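For reference, the structure is listed below as structure tokens.
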């Protein structure tokens, strides 16, 4: 046979096989499709593999499956099934099929094969004597319940040993000597039974019930006709249970967004086919022109996977955040265990919009040129002559009336100037007040006067033709002449009225100019134009908006003063096209003085921008603690403290997301609800701090804000669930020390509801939820949740060696203590403690008779360095204290001449210049370590107790303050 020759030709290239070893059946080294021949003898080959996915394992109570296990090439109209062939042999034979595991080492599986020719979980089929191809058309897989895995596996192993069905490979290597016997089943010794029991016990713990493989073994007859000659077995591809999360085909069904900013961090809701929450990734990738691949992964935790069908994640940062045009990439699901991926979907990264509030764009707008105010010749037919020149051109786009030139801002105007109608009754939302349409009263009064175009039109109408003169009656001529006379008179009246008003306006402005020349006070000029402050430009900005955008604080103050009592309430709260009030812009542009001026002038604190943000939200987002402090003093601030924006976030949530410790402390002190839930998923500020892995803010919320440590989201998730799912040992330790319960169940089922079949008819109640212990991703977190003390990565000796505070002399320390005891709040020990990250201990320091000394002692034993101390003093502007430290290092060298030269030599203290510090460094100093908790974990500060010398971080609160009963004191 030609096809047999192919296999025979391969024999010379194959090594001679010893008895089966685990290495041969390592799935990474062994390909099931390849025949495993013996030297010049018969061997078994798989002709068609079973279909890997789409076949469901069924429980006993579900009944038999509909149709057998299909083959890999099976189609809807062309069914196929697994097939094997005994090569190089013709005659009677027996083929058995067993279910084995998919691990690195092959073992018997607890599931059973059912169907035709199947008994006790094993399928036995005879082959030959002519056709050596064997098909398995009716195979089904019976899913064993979790409770019966050990019992079933032990029985299956016992049968394999008694019948000699590969016991050395599938049960234990020590049982390899057991072979098939012609006389029937053999009896097992007690030692063999114990080996089987221990093997079953061990393999039960490691068995994956969602995947199996078929192992085919052929037996040929011996001289007595008994089937004892075993050929080397072959193993199929893995077969995955279709209802198992890690077996289904990955598929993205829907995303609520398909584009995002290059900076990442944008939240996307993704619907998908069944996934396993701890075995799934969201991969973004781009194939580069040079053949390389960029990839990034969405940020989410197991708590963000809802019922295996939805994932809420944040986009990763793109490789280049400075792109100028959109970049197209792909997004796909990827399973961690086998790296299988879904079909990729397109995703677009667009350039960062750095000026979302459009402040920079408006600042870059061309400034008006002073020379544009001179020469009315640019108007529609206007001549020259200067501002009050006699150029006789008519009023056009560049002039007012017969010759007054004013800069044009694009308003609907008389000659470029806009008069706001009814300024004493103006609407704060009104834009572009115009008077280019005559009112109803004007059109009906004064003898039914009409405009100049009407006069010109009527003038044309009243010129009769010769034919009209001949045919017209005398009465018509009189009437027509009378009408024309009336209209001409009205036209002259309107012209005179307009000129009179224009002259009055000019006199007012001239008098204001004289007053300004005498006093030098610009308010003299602004006072006569205060009614125009309600006019808005093409962006909806008033003069007050523009003055704030261009950082003219004094002009803002002048405008507020001249409009006081007239239309101030309308103008000061007027919104532009972005729904920004002047107060919003003052916060965005970080102008503390302007914010204060606007509030004093009556600005409304409660107005929201287009995204629903109040000024409290904006100040917290920008990390402007000084502005936030001003705002919180307002009487309406209390009503806005817990008001959500369009994203459902309160100001305290935004302060946490912006990593602003000063803003968080201000909000907590002002009475903000630290347990308030954001509107999307019910997360509190503590949840957000844990999500951002910010131990400093989490500690502040617990210690300063008395946050409820076991607060839950809409799906019952606590902060400890998030910390455990993300594998954060430090946050898990902090929350556990604060009394968090590791046994709280959320609403996510611990196992798939479809697994209710496993109960085999037994009612075991509802499916339990998932606890933090269930979600622990590493052993460190698991041990902490079980009460094991937190162990840092470094020992105390290593960390203490980093400090050099001992180099300071006692005299220098005494001088520092004295300087830090002054009452100045900007230069005392309390401010220094905040800068050094020990601010959380200030209340304890105050109990000490010498707070400054206690602070410095704590800083020294926590491994503090002189460099950090000097930098903190530099931020405070405390030059006297810095000079004390410098003198302490210079004095010894000045007294002792350098050997060999005899000249004094000064030590250069490694002080970092404030000018070289980046804003990021300042944020880190002021925010990350400000609560003291971060310092405790980072330095393992073995602080001597202020009263008894106990450990440095002890969370001592009443049980009810953490929402727990019983003792909750924890030490880290």
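Cβ from N, Cα, C; glycine included.
Same-chain residues lying 6+ beyond the ends of the motif 'Nuclear localization signal' (360-365) with a Cβ under 8 Å from its Cβ atoms: 354, 539, 541, 546, 549-550. Swiss-Prot lists 360-365 with the feature motif 'Nuclear localization signal'.
Residues or ranges marked as region 'GRR' in Swiss-Prot: 372-394.
As annotated by Swiss-Prot, repeat 'ANK 1' applies to 539-568. Panel annotation: around the repeat 'ANK 1' (539-568), residues 358-359, 362-363, 423-424, 426, 431, 522-523, 526-527, 530-533, 574-578, 580, 582, 585-586, 589, 591, 593-594, 597-598, 601-602 of the same chain, lying at least six beyond its termini, place a Cβ under 8 Å from a Cβ of the stretch.
If you look up Swiss-Prot, you'll see 578-607 marked as repeat 'ANK 2'. Counting same-chain residues at least six beyond the ends of the repeat 'ANK 2' (578-607), those with a Cβ under 8 angstroms from any Cβ of the stretch are 357-359, 539-540, 542, 544-545, 548-549, 551, 553, 556-557, 560, 564, 568-569, 572, 613-615, 618-619, 622, 624, 626-627, 630-631, 634, 636-637, 639-640.
Residues annotated as repeat 'ANK 3' in Swiss-Prot: 611-640. In terms of DSSP helix, strand and coil, the repeat 'ANK 3' (611-640) has 20 helix, 0 strand, 10 coil.
Model confidence over the repeat 'ANK 4' (647-676) is summarised by a mean pLDDT of 95. As annotated by Swiss-Prot, repeat 'ANK 4' applies to 647-676.
Under the heading region 'Essential for interaction with HIF1AN', Swiss-Prot lists 647-681. Long-range contacts of the region 'Essential for interaction with HIF1AN' (647-681) within its own chain (CB-CB distance under 8 A, at least 6 residues past either end) are made by residues 312, 611-612, 614, 616-617, 619-625, 628-629, 632, 637-638, 640-641, 688-689, 692, 694, 696-697, 700-701, 704-708, 711, 713-715, 923, 926-928, 930-931.
All protein chains included, residue 675 ((3S)-3-hydroxyasparagine) registers 15 other Cβ atoms within 10 Å of its own Cβ. Classification of residue 675 ((3S)-3-hydroxyasparagine) by DSSP places it in coil, neither helical nor stranded. Among the features that Swiss-Prot reports, (3S)-3-hydroxyasparagine is placed at 675, with the record citing similarity to another entry.
Residues annotated as repeat 'ANK 5' in Swiss-Prot: 681-711.
Residue counts for the repeat 'ANK 6' (715-744) under DSSP, split into helix (H, G, I), strand (E, B) and coil, are 17 helix, 0 strand, 13 coil. The feature repeat 'ANK 6' is assigned by Swiss-Prot to 715-744.
Residues annotated as repeat 'ANK 7' in Swiss-Prot: 768-798.
For 814-889, the entry in Swiss-Prot reads domain 'Death'.
Positions annotated as compositional bias 'Polar residues' by Swiss-Prot: 905-918.
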Handout entry: Spatial neighbours of the repeat 'ANK 3' (611-640) far in sequence, C-beta under 8 Å, 6+ residues away
Key = 583-584, 587-588, 590, 592, 595-596, 599, 604-605, 646-647, 649, 651-652, 654-655, 658-660, 662-663, 666-667, 670-671, 923, 927
Completion exercise
DSSP assigns the residues of the motif 'Nuclear localization signal' (360-365) as 4 helix, 0 strand, 2 coil
